[in-house]
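A.B. asks: Here it is: the structure, laid out below.
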Amino acid sequence: MSHALKQVFNKDKTFRPKRKFEPGTQRFELHKKAQASLNAGLDLKVAVQLPPGEEQNDWVAVHVVDFFNRINLIYGTISDYCTEQSCPVMSGGPKYEYRWQDEHKYRKPTALSAPQYMNLLMDWIEVQINNEDIFPTNVGTPFPKNFLPVVKKILSRLFRVFVHVYIHHFDRITQMGSEAHVNTCYKHFYYFVKEFNLIDTKELEPLVSAWWAQ
């Protein structure tokens, strides 16, 4: 592993603690299967496809957690450079501004700085993926009816992290020599959400013209 990638995976730079799958569980086995496909160098369009005999919701749940961990790491590498002063608005360039809304403090879409937005986003996702009523971990426990709507919301918000990092902080990623790693993570994410129709095409517009999304 190159020095740059070691920096990307430096635990001290993790924006949030990684969510891990319990060994011996079905999710752990699915996670290993997904990682094996990636490590084997398979075409990412093929790697994201549902393996024969597996349940789609299980496959989606594993990837949501994995994407949270990976994007959490990517943002962690540039978080020192994403400040109230450098990024007073959570945006993806002049055309796209992202406002925060939740069921508690921010009941109406509210303009926030990028670091404020990222903190709230990662906290919110952690709550969702640790909620057994939404992401059940016991084999045989059915997924709730609101599972896919929650997943779509999580992934659309995680996509905004990519947008902000690419448009406002990619110079830092390039300085670290980590652009290939970040591009691969984004391609993986992009092909996955397209494969299972988990993000509206309109939401993907900020990065749709980029070469890595083709």
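Glycine residues also receive a Cβ, built from the backbone N, Cα and C atoms like all the rest.
TrEMBL feature annotations, pasted as is:
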- CYS82, CYS87, HIS164, HIS169: Zn(2+) binding site (BINDING)
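Describe each of these features in terms of where it is and what it packs against.
C.D. replies: Cβ neighbours within 10 Å of CYS82 (Zn(2+) binding site), excluding its own Cβ and spanning all shown chains: 21.
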A.B. asks: In this structure, which of the binding-site residues HIS164, HIS169 has the fewest other Cβ atoms within 10 Å of its Cβ?
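C.D. replies: Fewest other Cβ atoms within 10 Å, among the binding-site residues HIS164, HIS169, is found for HIS169.
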A.B. asks: Can you count the other CB atoms that lie within 10 A of the CB of CYS87 (Zn(2+) binding site)?
C.D. replies: 19
